[in-house]
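Below is a structure I'd like to ask you about.
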């Protein structure tokens, strides 16, 4: 999932190519999940954006938005697989662009902005449809005071005056959950996802499973310092991993399962644990357990952040069946018992006939197996085994 550094990368490209431009035309594809789940529609987005001037691009954690010359303003979240592409520039990170990815319009696009006096077009893409595009009808300066931004915690880069060491200590001690699960919960702190959370815990030399309310003041300081440093570097480098410090676990965690993978350059082993519902990279030699720890706990803090949890997993069949049975039982209470035997099967037709006529039909006799006739069986006095009865003389 794009995290605080990746969102900073997109905001950088928006400022470079889009800010100060007027939107000449908007192409959209209707999507009742990406738009509809947050009370917008593709047609409403198209109408609101066409002809508007883009004044600025801003970010809070994993959210980013375009500040228009008048409301509403488009607020966006990438979810797990969303991204923003530009027709005249490459925004890829971590890996080179694969053949075919440079085609325009790109696959899985949800909207495309066409700008006046510019050869640049901008597309929001999302193959898994876990992202969100909404319109916020508020003053530009009040965007962070509106839903959903106001329900999210402070951003470690732009809210350093709020996210102080003292604030973090109080937050940690107000809950009893694995510390990494607390960091991943966007209601606590904005922008920290899986890889950033792992880097923070490694740089702080703290174990991600340890309960949040068990850290000493010195450990809280280490965690705060690591958080500010890691998030700051992720944003400054625009999530370009080639520019990360050599001692970051991020540069070496991708060797999992490979022959010489799962190790740091100094030989320290990297293991992988499940914490807060996510796979976490841990270096046991330096990330010691100094207090009570927990694995995957069924708590509020272990749930995915709000934007990705509302997204679109199909209900389990068992749950669906249970609700259906419950609904049918309510109907039976109101209307009396109903026959649920299918009439299009042999057993079903028989049951229906019995109910309608009041006569129970005899069960069909089982079909007898036809014996195979042999030459020996043709002799009247012989048994099937070929032997004569005792009272018969052999000729």
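Here the Cβ of each residue, glycine as well, is placed from N, Cα and C on the backbone.
Bear in mind that TrEMBL entries carry predicted annotations, made automatically and left uncurated.
Pulled from TrEMBL, these are the listed features:
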| type | residues | note |
| --- | --- | --- |
| COMPBIAS | 350-364 | compositional bias 'Basic and acidic residues' |
| DOMAIN | 2-131 | domain 'Formamidopyrimidine-DNA glycosylase catalytic' |
| REGION | 283-395 | region 'Disordered' |
So what's the average pLDDT for the domain 'Formamidopyrimidine-DNA glycosylase catalytic' (2-131)?
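PLDDT averaged over the stretch: 94.
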Using DSSP, break the domain 'Formamidopyrimidine-DNA glycosylase catalytic' (2-131) down into helix, strand and coil residues and give each count.
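Secondary-structure composition of the domain 'Formamidopyrimidine-DNA glycosylase catalytic' (2-131): 25 helix, 43 strand, 62 coil.
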